[in-house]
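Swiss-Prot has this to say about the protein:
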- Q136, C137, E138, P261, Y262, G263, G264, M265, E266: peptide binding site (BINDING)
- H290, H294, E313: Zn(2+) binding site (BINDING)
- E291: active site, proton acceptor (ACT_SITE)
- Y391: active site, proton donor (ACT_SITE)
Amino acid sequence: MTRAIVESIKKRFHELDPCTNSNYSKFKVIHTDLTLTVSFESKTLDGTVVYDLKNLDNASEVILDTSALNIKSTKVNGKEVSFELKPVTPIYGAPLRIPINPNESEIQVEISFTTTDKCTAIQFIQGDTGPYVFSQCEAIHARSLFPCFDTPAVKSPYKFTGHSPAVVTMSGRAQPTDEPNTYHFDQPIPIPSYLVSITSGNLLKAPIGPRSDVYSEEPSLKKCQWEFEKDMENFIQIAEKIVFEYEWSRFDSLVLPSSFPYGGMEIPNMTQLTPTLISGDRTQTKVMAHELAHSWSGNLVTNSSWEHFWLNEGWTVYLERRIIGAIAAAEAKEEGRKDAEKYGEQVRHFNMINGWNELADTCETFDKRYTKLVLDLENGDPDDSFSRIPYEKGFFFLYHLETKLGGIKEFDPFIKYYFNKFKYQSLNTAQFVDTLYEFYEPKGKAEILDNIDWETWLFVSGLPEKPEFDVTLANQVYALVDKWVAYVKNGGELPGDETADFEGEQDMLFLETLTEKFKTLDVKPEIIRLFPEIYPKYGASKNGEIISRWNELLISYGKYSSQDKLVQSFASWLGTIGRMKYVRPGYLLLRKGISHEFALEVFKKYEHIYHPICRTMVKKDLS
């Protein structure tokens, strides 16, 4: 039955990545050399990329992805050749066709190019201390930075060179150089195009561990250092125990300006982080655990196309929660708790509860096509499918497998086997399932796998079956929520502030559970307007997770107007951040809770600060 299951899964997705115009399957990329020169005056990058290729199929041309690039020249084996830039397609850009001799098995292709003002991968801004540029290539924006096989199916070792009057970081290990305004980097581990990155600005660094520095502009450096130095090395050591040794030499991180559209981006050797993590309370360090976990899941072992994005993110959330649970257990052990291991698992489950709530909310509000694990992205934009689905539904699928196969002790050996088997490679969902059988069939567990509902988990939209959670750490939260529900239904004594002992994750669970419960109740706005007085700590919080949930609760049920101070304050906050996790729901909240006109008015006021990816997605949300 094993082969039948795997073969049936194979038939449900595209054999080749549908989100690339390139003919990547005809070549193996031996090595890539990328040089980029930053011009802050023209807000462009001038570049040259050199590919050493092995022709696998007697191909007579190399077809690369480009988007809004100015192609200046192309060479094959050192000789200039003509090229053809095909018409632009709305999502996938313009294919670049370069003729080659089909009889030559190994060739070198060189392209000179310049980015344009339509580049979706880079953003030039004025930083805190001077001009600044950073890139963000996931999912298919690398093609607007340089001509490439823009698919996660293709991985290559790189050498990078950056020229700039300001400090440069790229996706590799810094190499010594005496050349002025020149920075060299080596990446010996093969990486896909979406992990290629360049940042340039007045950057300084501070140590946060024996193999880790944090980079940022000077005004925020000390705050960044404090936020991460307590946990960084512990995170790495625990991850190494779960998977295997960290292979990337150093794990450095870069806290970007506020317009960075994501929580973090797992750039090899230089993880990019949003400044919204610098909350002064270390409550959001799990994002660092998440980005670290990508060093194995996503970076070493990569999804072969964006249709299988869950293989990157589901695994990463799984490893992240294992790391967070292990850290909690270690701290409990230091405090002398006899139930330290049990407590660590309770912490993992508490994070799972928050994850389930996010998954349920996404399944309720998001495009149903994109609430499956394995997607159909033919003629589709991967950015449109970006949500919590691959993260949380992917996690719960892996947790389901862990549970069915016998728990952590039975699943941990598979983790090491899987990541060892596929490191430096890209894979699809069928290969993952095949590897499960390969590992567990000799252990007599094939029947367990046969009974997994693969169809529902992989190809059906919506919420999967809810697992049983250890709610020990959530009970205190639920008790306070129940008091509010009873008060709204029956009146009586007004609940007070019983959140003083809540940890950050408990505060988040309280706010989102209350918001969810109130959907089915007739909550009077006057009650909601008492909340800022009862819970002043939420109104004063600098933590983006709290700010977003707090305002969702108040604006959803308080019947505020656009002129109310609370609404004006939230609208102003949206103009100080660029993280899409907060920005997109924030504008949808203003549209639903205040008015469409007000949401558009606020967006038009601040759209110039947002990254091109974020700007495009909010426009779609509000259209």
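Quick reminder: no glycine exception, Cβ is built from N, Cα and C everywhere.
Spatial neighbours are here defined as Cα atoms within 10 angstroms of one another, and by that definition the neighbours of H290 (Zn(2+) binding site) among the binding-site residues Q136, E138, G264, E266 are G264, E266. Neighbour count (other Cβ atoms within 10 Å of the Cβ, all protein chains): 24 for the residue listed as 'active site, proton donor'. Taking the C-alpha positions, the distance from G264 (peptide binding site) to the residue listed as 'active site, proton acceptor' comes to 7 Å. The recorded positions shown are Q136, E138, E291, E313; of these, the one with its CA atom nearest the CA of the residue listed as 'active site, proton donor' is E313.
Across the structure, E313 (Zn(2+) binding site) and E291 (active site, proton acceptor) place their CA atoms 10 angstrom apart. Other residues of the chain with a Cβ within 8 Å of the Cβ centroid of H290, H294, E313, the Zn(2+) site, are G264, E266, E291, A293, S297, G298, N312, W315, T316, V317, L319, E320, Y391. Whole-number maximum of the Cα to Cα distances across the peptide-binding residues Q136, C137, E138, P261, Y262, G263, G264, M265, E266: 14 angstrom. Within the set of recorded positions (E138, E266, E291, E313), the lowest number of other Cβ atoms found within 10 Å of a Cβ is recorded at E266. A straight line from the CA of Y262 (peptide binding site) to the CA of E291 (active site, proton acceptor) spans 11 Å. Using H294 (Zn(2+) binding site) as the reference Cα, a 10 A cut-off selects E266 from the binding-site residues Q136, E138, E266. Under the three-state DSSP scheme, H290 (Zn(2+) binding site) falls in the helix class.
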